Ligand code: DCP
Ligand code: MG
């Protein structure tokens, strides 16, 4: 009989009583699951703690083996053969998930029931599953406890292209040209073993609903604002460190495990279950978890600080200015809080329940370059339609283009048309310097049949960024304006060193303006840049997570090792560059098999 009651704490001098934690029902990710532990007793303090926590998160602990068991959790010292022997079975039932002891705590960390197929949960002595296999308990319930996930435009629009015409071939010399996308898909489906990158993709998907930083790029400028929050937090971590030192070895391990749960549930005396900011706090907490997994020291500190500040509020903090008024919350975090409150509300809203304001906000959010802050400002100023904005609102040049071409920019661009834009730019670029190259990136490179915009990577063998930028900004871009292809220049502030140009273009004889991004990439960085600008975003996050797990760091410039962590990082640099030029080599160094772009649709 499932025993959900807190029973079985054996007596003995060294037995620590496991404190049961009250987890709100909606966070009880294991509800409905039946766990069988191996060994199935709570004699060991660590296992006792594991069982207790699993129960806190809604699992039933089954004492006797039966077909109602959903998961068998095996101690690390035991093997698959031990399990079979104990159960008196020759094979293990396919309908039951067999995992090692890390599984429950990792699920709790990710707030979802993770796939039991991940290699890190594999019980010693078990054969590696194939990549295409799915877990008996794949994640149907996994996202139930998470925020409503926005439908990915990717999934709606992206189908691998059947065509791999000559132009595509020319741009992707290293790929399996000649094979149709279908064939390569089939190749992938057959027999590739699940690897560490599959695990990371799954992790990245688990946080897909989170509003991470726009480019999640660890760019240096993100550290500046955050550091203002650092001082008071270091005393907190010093205190934690001191506390840790006084624990004996066994307690230390138990405490570390417990810490995973308690830090998620961290409450201080002033917090309570009815805090009006609970939802925001939960999302920020998940972002904090994500950033601590990627060793993002500065953001971790800032998020921790913001969470504890929000916990002390008795009123709902919904806008940027309300958030900014709270000590400990800087501008970026204030924006993030406003975004979480609004977008979460918008996403959850049934169309039928949406107020006219919600519809207007959604409309304004579609204006190119307008984030939640700008959109809600327009709403607060009383504008109700695009016509209002056009006629009455003081708009920047970029916003005006966004409003005037609202319809154009909301249309998907057929693959052929993406190619045509690429060809026009390539012709102009090669007229300026025949050795310069134009590679179509983004969803096009992943084989999409249509794209949201045109992403063009501009590079040249042996060239430095200054050369490419100068050629582009002084010669090519003005030329493309003169010939009537480029229509407008949009904000080009996203990268400090000016390696990106955003604008709008139109084919000769065409009607629609399209969004076009030109990315200037020096030869030394082309491999890392191609990974980044090919995406998709989940794939990029998973590659970064993987790098971080291996003590390295990946960004759009390269893969770095000897990365310095901790408060000094900003001063001491990003580490030693190991590879930036060769896309395949980056996969190799990370220890995962090469994924052609078509296989990066996560
Ligand atoms: N990118 C990312 N994270 C983001 C935004 C972008 O890693 N938050 C990377 C991956 C994307 C690439 O930049 O593939 C280009 O960005 P786009 O927004 O143009 O996205 P896609 O080209 O993938 O899709 P779309 O067809 O909508 O343009
Ligand atoms: Mg794109």
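Just so you know, glycine gets a Cβ as well, placed from its N, Cα and C.
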Examine the ranges 68-113, 206-251, 252-297 and name the one recorded by TrEMBL as region 'Disordered'.
206-251
Measure from the Cβ of residue 336 (active site, nucleophile) and count the other Cβ atoms within 10 Å, all protein chains considered.
26
Kindly report the helix/strand/coil residue split of the domain 'BRCT' (25-121) according to DSSP, in that order.
35 helix, 17 strand, 45 coil
